[in-house]
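Annotated in TrEMBL:
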SIGNAL    1-26  signal peptide
DOMAIN    48-98  domain 'Gla'
DOMAIN    245-479  domain 'Peptidase S1'
ACT_SITE  285  active site, charge relay system
ACT_SITE  333  active site, charge relay system
ACT_SITE  431  active site, charge relay system
């Protein structure tokens with residue numbers, strides 16, 4: 001009986017298979033494939049996101065950070081390339097996100113569903129002191145819905161409040177991870193890190209800005225980087241700059257290529273600054289009430305006692321002293337020198353860049369604490385001038401502090417630099433020389449050595465003409481002269 005039953009069962013299944021053959025062979029009895037809407041009724045399968053050619057698909061939060069292992073690389077696929085992850089979330093795995101160190105917890109909310117929303121403030125390092133809001137306790141408080149991202153106020157000391165860039169809120173209900181801070185690679189505010197611009201930033205509206213470059217440069221495709229177009233572009237020495245004239249260091253050849261030497265009746269008298277192949281800038285008191293015929297300049301010079309192959313000598317054709325120059329107070333202590341023949345720009349003769357008039361770059365430069373002065377001035381008070389070109393890095397001194405300690409008449413057209421305890425300073429013979437600041441890869445002129453009481457004395461800083469206040473005059477004279 002058992003044998004007959006097994007045989008009968010086998011025959012039954014063979015007949016059943018034979019009856020279904022038309023559908024499997026594509027004969028008119030049926031089709032091999034069905035429409036996907038019907039197929040989903042037979043079998044429901046969750047599609048894996050991390051599949052073949054997944055990287056060619058548009059970034060998706062759930063795919064990148066839920067199905068895949070959460071990482072900086074995966075989060076980067078969500079954020080457009082026009083943005084930069086300044087302080088990404090440090091994640092061991094999704095749902096366990098640790099904010100970076102420059103953030104302050106602002107609030108935490110717990111959803112009834114068990115999810116959490118955390119709100120953080122962005123504690124960016126601004127050029128001025130900031131006071132962040134007091135952090136709210138991290139103890140979760142009930143909330144029905146996640147709050148929206150906000151930009152907590154950061155108050156600048158002594159100024160009106162400003163808004164930080166918006167911080168991201170993220171929701172951990174599905175254990176998503178998301179960059180805590182995703183801000184545009186260039187800030188929309190020029191006074192925040194110069195708007196991300198390499199040279200100059202102009203504020204168009206509260207939410208937009210444009211970058212532009214010094215003459216001889218063009219803006220790169222990223223709309224923030226400046227590319228040199230001239231073979232010898234301003235502010236860019238053609239030699240590698242070494243790190244950092246009382247207690248100063250010798251400036252190696254080609255490292256201070258905008259420095260020039262001004263001679264009166266064949267004797268060295270002052271420093272000067274190369275602005276172009278035909279124009280130099282110096283201190284007005286160096287040429288006050290003197291004819292141009294008695295002056296000549298040497299550019300590309302390093303050693304005052306020898307004639308070098310790198311140097312070029314030119315006679316001074318015209319002298320233009322600032323109309324507001326006051327010999328008694330030394331206010332507006334600037335003069336422009338036009339050369340009889342242009343000099344050849346080279347490895348040892350490079351013009352210095354001037355700040356832009358219609359930008360906030362002057363604010364950016366003034367916020368930088370240290371600058372470099374150069375010259376052949378006396379190494380000690382009443383001592384001989386230096387033989388080799390010297391340079392020295394000095395801290396900039398706030399105007400009120402300078403007035404308080406020196407008891408000198410420091411006008412709005414001047415600023416101070418140096419050490420309160422003395423020991424390092426510009427000195428006689430450095431007058432007319434440059435005080436320059438390096439911003440990113442380019443050097444800019446901020447001051448011209450003007451005067452001081454003694455050399456490197458305690459509580460006596462060096463005083464410099466504030467170039468930013470005279471940009472209109474400089475550009476006008478150079479354009480019409």
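In case you wondered, yes, glycine gets a Cβ from its N, Cα and C as well.
Just so it is clear, the model here is predicted, and its values are computed rather than measured.
Taking the features listed in TrEMBL, we show where each one sits on the structure.
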{"residue": "285", "record": "active site, charge relay system", "DSSP (3 states)": "helix"}
{"residue": "333", "record": "active site, charge relay system", "DSSP (3 states)": "coil"}
{"residue": "431", "record": "active site, charge relay system", "DSSP (3 states)": "coil"}
- Message: Rounded to a whole angstrom, what is the C-alpha distance between residue 285 (active site, charge relay system) and residue 333 (active site, charge relay system)?
- Response: 7
- Per-region confidence, the domain 'Gla' (48-98) (mean pLDDT, whole number): 41
- Among the active-site residues 285, 333, 431, which residue has the largest number of other Cβ atoms within 10 Å of its own Cβ? 333
- Message: Distance check, please: Cα of residue 333 (active site, charge relay system) against Cα of residue 431 (active site, charge relay system), rounded to an integer number of angstrom.
- Response: 10
